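Notes for the one structure printed next.
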Amino acid sequence: MSSTVTTVNTIAHWLNYALAIPMISLGIIGALLTILIFLGQQSFRRNPTILYLLAGAVMTAIHLPTIYLQSILVDGFYLGLFNTNDIACRERNYLFYVTTVAAISYPCWAAFDQYASTHRQADFRYSWSSMRFARFAIFGTVVLWSIIYAPLIFISQSVNGVCILLDGPLKFIHSFVLTPIVFIMGPLVLIAGFTYGTIRNLRATAFASRHDRLTKQIRRMLIPQVAILAIFGVPFGVNCLYDDLTSNVQKDPLRKAIEHLIQQITRLIYHVIFVSTFYIYLYMSMEMRKVMVRMMRKYFLPRRIAPLNSYLDKPLTIRRTRLRTSSNANRFNY
């Protein structure tokens with residue numbers, strides 16, 4: 001059994017080396033490029049849906065290097081970090097849930113904006129699909145989740161080299177109320193409902209014809225992302241529920257190793273949500289590809305400099321032309 005446990009643990013560690021580190025690198029690069037492209041295009045900055053996706057990219061750029069990287073260092077490189085210090089444990093648990101839930105909330109807001117922007121009632125569109133409301137929703141989302149997950153600061157503790165949540169009513173609410181709603185039922189219900197509402201609104205051909213090419217491309221960018229969010233979030237939420245349900249169960253080494261491997265796999269699958277967004281946008285949107293090409297040409301391709309001889313020849317040609325013109329004018333006057 002000891003050899004089997006060692007093999008399973010080795011596979012779990014190599015997942016961090018072979019997959020997690022490349023994923024986090026691609027995710028950080030993609031999040032930063034998303035921010036630069038969305039901020040660099042005026043038509044993007046004026047769109048509420050893009051504003052939600054921009055907020056999601058910012059949260060991803062914070063989450064991957066500060067939170068996910070800590071987990072990789074602990075599981076792949078055996079560094080203590082949040083497992084050996086109570087303050088680090090509290091900081092990690094709190095920021096993990098705040099940044100994660102905020103990042104998956106913004107695509108849900110974007111799906112809502114698509115529904116609101118295609119609504120038949122003009123008052124509803126102007127009230128709920130606007131830049132002002134989008135800014136309020138983005139700021140309010142961070143504040144809301146920061147308050148909801150604040151109790152994690154008080155119930156997180158490092159025990160026997162493991163960062164855990166202490167048993168009690170707060171852990172029960174977190175494990176069996178918040179986790180199913182936030183990671184399983186919430187995204188599925190919201191995304192399915194808003195997508196269905198948007199499709200129903202777009203069946204009115206007269207209204208759909210007023211949507212420009214950028215709006216249609218934004219919708220094409222959003223649909224794959226929210227689908228990945230709804231599908232890939234379920235295994236992670238189920239695994240979190242299982243860990244909480246079996247946290248007080250005595251487990252043999254083989255079971256611990258298998259559960260740890262499953263945890264690594266579900267975490268990798270879940271972070272595909274964060275890593276894939278930029279590449280989905282780039283593939284689905286021609287406007288993003290155009291902006292990307294312009295950025296590459298501006299910052300990476302060398303500018304062509306005309307030879308010095310071409311500038312020296314031009315004044316000689318101009319002077320000859322002027323002399324001929326003046327001689328023709330004098331000839332005409334005579």
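One is the number of the first residue shown, and numbering goes on along the chain from there.
Just so it is clear, glycine is given a Cβ too, placed from its N, Cα and C backbone atoms.
Some features that TrEMBL has for this protein:
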{"type": "TRANSMEM", "residues": "14-39", "note": "transmembrane segment"}
{"type": "DOMAIN", "residues": "30-281", "note": "domain 'G-protein coupled receptors family 1 profile'"}
{"type": "TRANSMEM", "residues": "51-74", "note": "transmembrane segment"}
{"type": "TRANSMEM", "residues": "94-112", "note": "transmembrane segment"}
{"type": "TRANSMEM", "residues": "133-155", "note": "transmembrane segment"}
{"type": "TRANSMEM", "residues": "175-199", "note": "transmembrane segment"}
{"type": "TRANSMEM", "residues": "220-238", "note": "transmembrane segment"}
{"type": "TRANSMEM", "residues": "268-286", "note": "transmembrane segment"}
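Through the fold, the transmembrane segment (133-155) approaches residues 48, 51-52, 55, 90, 93-94, 97-98, 101-102, 105-106, 109, 113, 127, 165-166, 168, 170-171, 174, 178 of its own chain, all at least 6 residues removed from its boundaries and within a Cβ separation under 8 Å. Panel annotation: around the transmembrane segment (220-238), residues 49, 53, 104, 107-108, 110-111, 114, 179-180, 182-184, 187-188, 191-192, 195, 266-267, 269-270, 272-273, 276-277, 280-281, 284-285, 288 of the same chain, lying at least six beyond its termini, place a Cβ under 8 Å from a Cβ of the stretch. In the predicted model, residues of the domain 'G-protein coupled receptors family 1 profile' (30-281) average a pLDDT of 86.
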